[in-house]
């Protein structure tokens, strides 16, 4: 079971991985939705900071879990240890079919919005164009990641650099504008704000979407050098760094746009670029496109690992956990994942997908952090190289309960019901195929697996020798 992907990740790479995976499409898409939910500049900036704090606390809980149970695959092994196979299976089921592909779809849709914006000045790009572009992006990323781990990670480093450039440009221009006294949009910044539990939690959904990826390092625990030092350090440096960037970027947006203008903008950063960087405003959509592609690539890189771990435990189709013989990449998992993301693009728009995604993902974040509290009592014998104060997981668990329940109670939508039904439908699959191990699916899937193995040249990971 000890396949490493021949790829060691040190402290700097760890921080880059966090910063690179978190700063993606979110900061260019979410400011509008966060503002729309709370209605004023003050609460908007407060929420951006609060999301960063929540992300850091959540990541620290995950750091304890990750060093206590050193298996890759994110929440999966932790839920397995704390609550047994059913919640773990439901997590991998939901991740495979809801959260991972929908986040991949959201990122590629954001990429498409920014990439097409310059060609349609003054109006919104047609949906058909956005959706075709997004689908093309998914196909390209899937191919790159199936071909080579090295290529995927080199691409990641290049795109992370591009992303830091655009973030720096926006922040620096914002600071310069503030220094020149452009502060009129910050006066009475709490006036006209619409604050209710549901509006705050929906604003949190959108803000947290921009921070999503704070737990990505746990997907590659097996590949971190010196994890006991590097995991918490990467988190304590990486996430606050992102938080500072996000708050500053939002401040920059508000130096040139009033709340109303920001809400009317099709692509916030493009509007910012047109006003501040004109004649060079084309830089913004170009670099934002790089940035979103980078985060899609990062998500793809880690999600392949999750399917691989679930397949290894016998919870998913065996062929999904296989690894390419020549290229040592989890190719079947990555392709499966791209295909489902394309399905989400067809009906979905970004905001609905974000709410749908955040709702599902916070159910499991809450459960996982709760697992940490449970294991403090049930699994005292486990070594805990990183031990955080118990108050942290308690806070995170309570916040996630509020985040999940508030939107359902105050503004119920069918999407949430579908999501719950979808997660629960995993129980049926579990009982039939994992618990009772019915034979007929094996009979059907065996020849399919054989053909796919020959077609993709993949084998079970255990056969790839160290």
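In case you wondered, yes, glycine gets a Cβ from its N, Cα and C as well.
Whatever TrEMBL says is automated annotation, not expert-curated.
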Stretch carrying transmembrane segment according to TrEMBL (options 106-127, 128-149, 194-215): 128-149
Positions whose Cβ lies under 8 angstroms from the transmembrane segment (161-179), at least six residues beyond its ends: 19-20, 23-24, 27, 245, 248-249, 251-253, 255-256, 269, 272, 276-277, 283-284, 287-288, 290-291, 294-295
CB contact flag for the transmembrane segment (40-66) and the transmembrane segment (386-409), at least three pairs under 8 A: yes
Interface-richest range of 5-28, 128-149, 282-308, 328-347, 386-409 toward the transmembrane segment (353-374), CB pairs under 8 Å: 386-409
Interface present between the transmembrane segment (282-308) and the transmembrane segment (128-149) (three or more C-beta pairs under 8 A): yes
Selection from 5-28, 233-256, 328-347, 386-409, the stretch that has most Cβ pairs under 8 A to the transmembrane segment (282-308): 5-28
Stretch in 5-28, 328-347, 386-409 most in contact with the transmembrane segment (233-256), if contact is a CB pair under 8 A: 5-28
For the transmembrane segment (328-347), sequence-distant contacts whose Cβ falls under 8 Å of one of its Cβ atoms, 6 or more beyond its ends: 5-6, 96-97, 100-102, 104-105, 108-109, 131, 134-135, 138-139, 141-142, 145-149, 152, 300, 303-308, 311, 319-322, 353, 452, 456, 458, 464
